[in-house]
Every structure is written in C-alpha cells, then in structure tokens.
Amino acid sequence: MTDATVTRPRTRRDAQFDRIRDREAKLAGTTQRKGRFLSKFLNNRLAVIGFAIFAVICLMSLFAPLIAQHDPMSPNLRAIAKPPSAEHWFGTDKTGRDIFARVLYGGRVSILVGLGSALLSALIGVIIGVYSGYVGGWLDWIAMRISEIFMSFPQIILVLLLVAILGQSLVNLIVIFTLTGWGGIYRMARARMLSIREEEYVQALRSFGLGPARIAYKHMLPNALGPIMVNITLSTAAFILQEAGLSFLGLGVPLSIPTWGNILNAAQDLRVLEQNWWIWLPVGATISLFVLSVNFIGDGLRDATDPSQQG
Amino acid sequence: MQPNDPILTLRDVQVHFPIKSGILKRTSGHVRAVDGVDLDVYRGEVLGLVGESGCGKTTLGKAILQLVRATNGTVTYQGDGGETELTTLDDAGLFAFRKRLQIVFQDPHSSLNPAFTIFGSLEDPLRHYGVKTRKERRKIVGDLLEAVNMRRESMDRYPHEFSGGQRQRIGIARALSIQPELVVCDEAVSALDVSIQAQVLQLLMDLKREKNLTYVFITHDLSVTEFLCDRIAVMYLGKIVELCDAEELYSNTLHPYTEALLSAIPVADLDRKSQRIVLEGDVPSPVNPPSGCPFHPRCRYAQPVCRTDVPQLRRYRGKSGQHLAACHLIDHPLAD
C-alpha cells in the first residue's frame, strides 16, 4: 500500500470493500457459498431498512387488536373530527372513529389485496410467459391472444360483472386484480424470454437434450427475474390505490370495513383536505412508506440475485 | 485416420427459413441458408468449414446437431450401433444421440449462463445423463476444468469473473462433459485475441488426441484452418464450392472463390508478392440467389454458361484424387 492511499480519507466504499475482502478471505478454500444471497441482501442498507419498515407495518396490522385501544368500526359521537391527542393518536374522522385503529385494521385488507394480487398475478404471468415465450409457436400465439383479451377488457365492467354475480368481497377483489393484472407481467416475462432464448447458453442446453420446461424455468427464469421483481413492487402500490378507488365506488370491499384506500378517500372532500390534515396524512404516509419499503426490498432482492454485483 | 470411415453423412441438406410478411403472415419467400450440402465427416478428422459471413456455415453446424431442423435432406450418424438418420428423429429419439454430438459456441460472453456458477451450469446436463450424486458431479466438473487447464475451484465462480479465453475453455469443458464423439466448433476462437486463440487451439488439438474426437471446425479465418484442419470445405451462399485436403487447398486451389479467399490472408513476408484478388460487392441475398453458379456475379472468370447452369461438385485429380470443386471452368474432372 502506498502513502497516497493511506492519506486519502476513508469512505464508506472503503469499508464496504474491506468487508467484502474479509468475507472472501473467510470463504476462500471452503466450498460453502450458501450465505451469499443472504449476506448480499443484508449488506444492502436500503433493502434492510425497507424490510424493517415492511415488517413493522405488517406486524402492527396483524396484531391490530392488541395494539389499538379503539374499535375501528364504532363511531364516537362526542369526538368527531378531533385532531390527534393522547386518547386518539391519529385523531378521529368525521364519524368519530379512531383513525389509528382504522389504519392498523385497514392495513390487513390493503396489504392482503395489494401484495396478494401482485404476487398472484406475477405467479400466473411468469408461469405462462416464461414457458410460452421460450417455446413459441402456437402456444405463444394463444397465450398472447388471451392476455390481449384480458388487457383490453375494461376493468370496471369486469368488476361490475363479478360483483353482480358473486357479491362484494375481498376475495373477488383479489381475483379481479389478478385477472386484469397478470397480462402486464406475462408480457414482460415473455419479452425477456424472447431475448434470452437467443443466447448461446440456451442453445447449449438444447444441444444436451434438456427439456423445454427445465431450460425455461430453471436456467432462463433467473435471468429474467430482475424486471419482474420491480414490476411486482410497482403493481403492489397500484393495486392498493385501485382498491381504494373501487371501494369508493362501492364495488370493492364494503365501505364499513376499513382499508387504507377508503380512509384516504375521505380526503376527496376539499374541506377535509384543508382543515383535517390528520385524517389523510397518516394513512397517506403509511401507504407511501409501505410501497417504498416494498420497492426497496424488490431492489435488494434483484441485486442479491444478480451474481455480477458484489455486496 | 481412416479415410473411409464416416461418422456423419450429410446428403442434400437444405435449411430454408420462411419469410413471413403482411398481416396474414403469408410466406413470401425463403432464406436459403443451407442449400443442398453433401458432406462426409470422417471419424477422427478435423473438417474445416470456411466461408464469409452469412454463407450458412453456422446454420449447417446447427443442422448437424439438429438445433435447427433441416427442411430437406438427411443427416446420418454412423456409430457402433449402425446408421441412424437423425433428421427423422423427434426430440425423444434424438436424446441418445445428443450425447455423441456437441457444440462449442462463438461468443464466450453469451455461452455461459450469468445466473449460475460454473458448476451450476455444467451439472444439469450431467444429471440429465444419469450422474446421480452431487459428489460425483463435482468430481467430474472438477476433472473437466483441469482438462482445460483451469483450477478446480473455478467451478464455484460465476461467469463474469472469468476472461474471454477462460470462458471459452469452460465452454469447451461443457461440450466435453458428456464425452461426445463429434464436436462442432462454431467460430470457437474468433472472439478471442490472437495469443489466446493459439492457446485455445492448442488445447483443442490436445483434447482431440486424448479423447479421439472428431471436429467440425467452422471459421472464417483461413489461417486457423491451415493450422489444424485435415480437410477443408469452402462454402458460398449455402453451398459447398470446394472440398479437399487442407494442404491441397492451399497448394492447388481450383475454385475462383477459394482463390480470392486465400489471397486475402495477410502474409508477413515482404519479399512475397501476392496478388490480392478483391471481390466486388456483397454476397448475394440468400433469399433470391443468382441463377446458375451462385458466385458468377462476383467471379472474374465468369462466362455465359455460369449465368445459366448450376455447377455440380465434380471430382478432380489433385494429390489424393479427392479434390471436389463446383465450377464450370475447371477442366478435366475425373469420371466417376
């Protein structure tokens, strides 16, 4: 080491490189590499922060009955639109319901709908897109046409139809979001596969006579995962907001059940927006934090699965 | 090398890709990538396949491996168990023959899966061919890496941690992993710089001796073929125009196209005055090949007959009596 490098002030990068060197020195000579993914993820500061926020929000929603002192549904006529206080941490809404409790309980529905439909539609989209994109031919043609039908169908009509047939419920909402949402991820997965298909390692696997499912899912999918994960995080946010919109129209979750979306909908009243900031700010911040944390986790997962990036 | 022991026989192999146009996806023509190739590959030889870009060398290589299916003609494999026509087999039927034929690719950057370690990439084919335990697979992969002069430990690294030459050697190791008899080297050294090229070529020759391999060596670099090929086939626009022993090709060139190709090899000898034959224009489109001899628009000897009649591969005396060329203007073919 020369003097020049010693006198330079040490930066965070230096510390990071030191950690990498230490880890490699420790791993050198051993064949154990299983911790690589985890250690890379943990080494990503944003991802860890994101995961912490995500975990806190999820746990608080899950244990809402233990944390909230008020019933999210029962109105308190003596405390209508009161600002935050020791009694009501986030204040109360226009019917006197405790907003803190509503945010906690609302998280249960919103997370389930948002993350649930995003993961479900990603699962369907990836399963169909990866295989049909690799195999091509008539299977690809059929899958493409089906996705076009679903994507061109107006969501609101589909919702009306399903609500009319099955009634208003949470499960229906997830089904609708999945049906209308898988097309985007399917198309992305398919497009990635079309370009990966031409790579020579895929030709090599074919020349070994490996089956198409094995090549597509095991060998090609890991290389298509990056954009798919980003898409999942983005659609999670979109679904949470869509759920809010549909609930507002009375087509989603029944309005009496608190969700982040229908709490936020109160802010559509201009007077609430101007005078009762506590009604929309906490829940808005929670949605933003949640979406942001999912984004960070997605980024962290993508980087951790990309072998060409060092922790 | 026994000259009359073919491992692979190609008869009138054609690979035509349909061009679809318009909203109805009607076929409006065909790209004749490979247009009627007859070729024998003898056991234990190195057969060079040369030609400029777009002449169908790679497609022919892939057609040998059935990665691209021939639209016409037959590829027959002759092994211990007799003859098998590969072109008629479906994927399941091909399985047993995948083991005999392998390929080394041109681009070392796309020939290894970036998401897997070297071991991860190489173990799946092994598992597919019945190597059950992980321990065994690790041993085999380690041995393979050592065979291509790399360290055993490399197997736990990712492709991006290697240089182009190293990756190419890993690609060779992968092709050899299931002990093939014939390896198609598709521009296996073209993407490497010259010093690494020599290293990899030497390695290929050593492996060939050790494991009794047969190579089909696809390249556009005639100085490479001179170094390692026993026989050379020159391709032009999907057809073989000249085929003979390597030495013969360089000393007794018959076809005008080969003549032009050879004159383009740079020679590091100031005293040697070679006349450079510059070909005008591009290779004609394989969608709409010229009538008669495919080479006539660029041939400096072209006669009226070249425009109308397609020349057949004919046999000439040469040193071995095995010199084939397809040109109207070369006299004295041997009667068959």
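These residue numbers are counts, starting from 1, taken along the chain as shown.
Cβ atoms are placed via backbone N, Cα and C, with glycine included.
Unlike curated records, TrEMBL annotations are generated automatically.
Range A:228-257 is the one annotated as transmembrane segment, of A:168-197, A:228-257 (source: TrEMBL). Cβ atoms under 8 Å from those of the transmembrane segment (A:111-134) belong to residues 57-58, 61, 140, 142-144, 147, 170, 173-174, 177-178, 181-194, 197, 212-213, 215-217, 220-221, 224, 228, 231-233, 235-237, 239-240, 243, 253, 259, 290, 294 of the same chain, restricted to positions at least 6 beyond its ends. Sequence-remote contacts of a segment are chain residues at least 6 beyond its ends whose Cβ falls under 8 Å from one of its Cβ atoms, and for the transmembrane segment (A:228-257) they are 73, 109-110, 113-115, 117-119, 121-122, 126, 156, 159-160, 163, 168-170, 173, 177, 181, 184-185, 188-189, 192, 264-265, 268, 287, 290-291, 294-295, 297-299, 301-302. If you look at the transmembrane segment (A:277-298), the same-chain residues 6 or more away from its ends with a CB under 8 A from one of its CBs are 46-47, 49-54, 57, 81, 83-84, 90-91, 93-94, 99-100, 102-103, 106-107, 110-111, 115, 229-230, 232-234, 236-237, 240-241, 260, 263-264, 266-267.
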